[in-house]
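What Swiss-Prot says about this one:
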ACT_SITE  Asp264  active site, proton acceptor
BINDING   Gly28, Asp29, Thr30, Leu31, Asn32, Tyr88, Tyr102, Trp103, Arg104, Arg170, Asp264  substrate binding site
BINDING   Asn168, Tyr169, Arg170, Lys228, Arg229, Gly230, Ala231, Asp232, Ser233, Ala261, Ala262, Gly263, Asp264  ATP binding site
Amino acid sequence: MSKKIAVIGECMIELSEKGADVKRGFGGDTLNTSVYIARQVDPAALTVHYVTALGTDSFSQQMLDAWHGENVDTSLTQRMENRLPGLYYIETDSTGERTFYYWRNEAAAKFWLESEQSAAICEELANFDYLYLSGISLAILSPTSREKLLSLLRECRANGGKVIFDNNYRPRLWASKEETQQVYQQMLECTDIAFLTLDDEDALWGQQPVEDVIARTHNAGVKEVVVKRGADSCLVSIAGEGLVDVPAVKLPKEKVIDTTAAGDSFSAGYLAVRLTGGSAENAAKRGHLTASTVIQYRGAIIPREAMPA
């Protein structure tokens with residue numbers, strides 16, 4: 001019987017400059033991960049579900065249609081009257097440096113745990129094999145909704161499920177660094193696999209040797225710690241089994257076009273192997289291969305035919 005992973009988060013409308021024109025697309029860290037997992041697994045082994053809230057507008061419908069086309073199940077995605085998806089604009093200067101502007105305060109995804117359907121959705125999610133979320137999934141919620149989400153994660157683990165967390169830290173989404181540290185600590189205490197981008201760890205906790213970052217995460221109760229270091233090797237530490245250092249795929253500088261979804265796609269490649277019985281080392285190799293392919297194309301979601309074999 002196929003196992004199930006629910007990816008929890010937010011997808012937004014993306015507006016980006018293309019010469020004198022503005023191009024519209026969709027983007028979101030967890031959505032990127034869900035698509036790249038779905039592209040790399042046999043649905044008979046693992047089905048991918050995306051959990052969020054959208055509006056009843058045409059943009060929301062276009063998102064749903066796109067996700068269906070990627071074999072991402074949306075049966076647990078809510079549609080809310082009088083709500084819309086969030087929006088962000090990417091401005092690119094003459095050197096290629098990007099600046100992001102966000103409009104998301106009233107986005108539907110912020111309220112997915114406050115609806116009449118949320119209790120029934122949580123009841124279903126508590127029986128999933130895997131729940132995946134990121135720091136952004138937590139940041140957009142009210143404190144009350146965060147508590148509900150943490151309760152759901154604990155219940156899922158009590159039922160035999162596993163929780164996967166990507167530390168994706170965006171300071172502008174949080175009231176303070178202290179609040180983030182407190183929430184992340186609670187999150188790690190109910191996490192089985194943690195993906196840590198080292199730059200985000202340094203920004204949130206202060207710069208520390210990577211060994212200390214790994215030890216702190218294990219001490220919170222996380223069994224499997226995956227440290228992402230951009231173009232450098234990744235480190236996988238499994239409690240009781242030791243550390244594996246897996247080299248990245250090296251690309252010539254001119255082949256790197258857009259690093260937008262590098263971390264999201266790495267996590268997807270890793271999980272596509274790991275959650276279907278592969279070793280941590282092979283999972284990390286697949287993560288590197290996926291990320292190194294994705295960054296050779298513009299945009300977060302690359303053409304399906306460009307995916308590695």
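Glycine too: its Cβ is placed from the backbone N, Cα and C atoms.
Here the candidates are the binding-site residues Arg170, Ala231, Ser233, Ala262. The one whose C-alpha lies nearest to that of Asn32 (substrate binding site) is Ala262. Farthest C-alpha pair in the substrate-binding residues Gly28, Asp29, Thr30, Leu31, Asn32, Tyr88, Tyr102, Trp103, Arg104, Arg170, Asp264: 22 Å apart. Of Asn168, Arg170, Arg229, Ser233, all annotated as binding-site residues, the residue with the shortest Cα distance to Tyr102 (substrate binding site) is Arg170. Candidates Arg170, Ala262, Asp264 (recorded positions) were compared with Gly28 (substrate binding site); those inside 10 Å Cα-Cα are Asp264.
Under 8 Å, Cβ to Cβ, and six or more positions away along its own chain, Asn168 (ATP binding site) finds Asp29, Ser134, Gly135, Ile136, Thr197, Asp200, Gly263. The C-beta environment of Ser233 (ATP binding site), restricted to residues of the same chain at least 6 apart in sequence and closer than 8 Å, consists of Asp245, Val246, Pro247, Ala248.
The C-beta environment of Arg104 (substrate binding site), restricted to residues of the same chain at least 6 apart in sequence and closer than 8 Å, consists of Glu10, Met12, Gly86, Leu87, Tyr88, Lys110, Ile140. Each of the binding-site residues Ala231, Ala262 was scored by the other Cβ atoms within 10 Å of its Cβ; the lowest score goes to Ala231. Listed in sequence order, the binding-site residues near Asp264 (active site, proton acceptor) (C-alpha within 10 Å of its C-alpha) are Thr30, out of Thr30, Arg170, Arg229. Listed in sequence order, Val7, Ile8, Gly9, Glu10, Cys11, Tyr50, Tyr132, Leu133, Ser134, Ile136, Ser137, Asp264 are the same-chain residues six or more apart from Thr30 (substrate binding site) with CB atoms under 8 A from its CB. In the three-state DSSP reading, Asn32 (substrate binding site) counts as helix. Across the annotated binding residues for ATP (Asn168, Tyr169, Arg170, Lys228, Arg229, Gly230, Ala231, Asp232, Ser233, Ala261, Ala262, Gly263, Asp264), the two most widely spaced Cα atoms sit 23 Å apart.
Sequence-distant contacts of Arg170 (ATP binding site), defined as residues of its own chain at least six apart whose C-beta falls under 8 angstroms from its C-beta, comprise Gly135, Ile136, Ala139. In the three-state DSSP scheme, Tyr102 (substrate binding site) is classed as strand.
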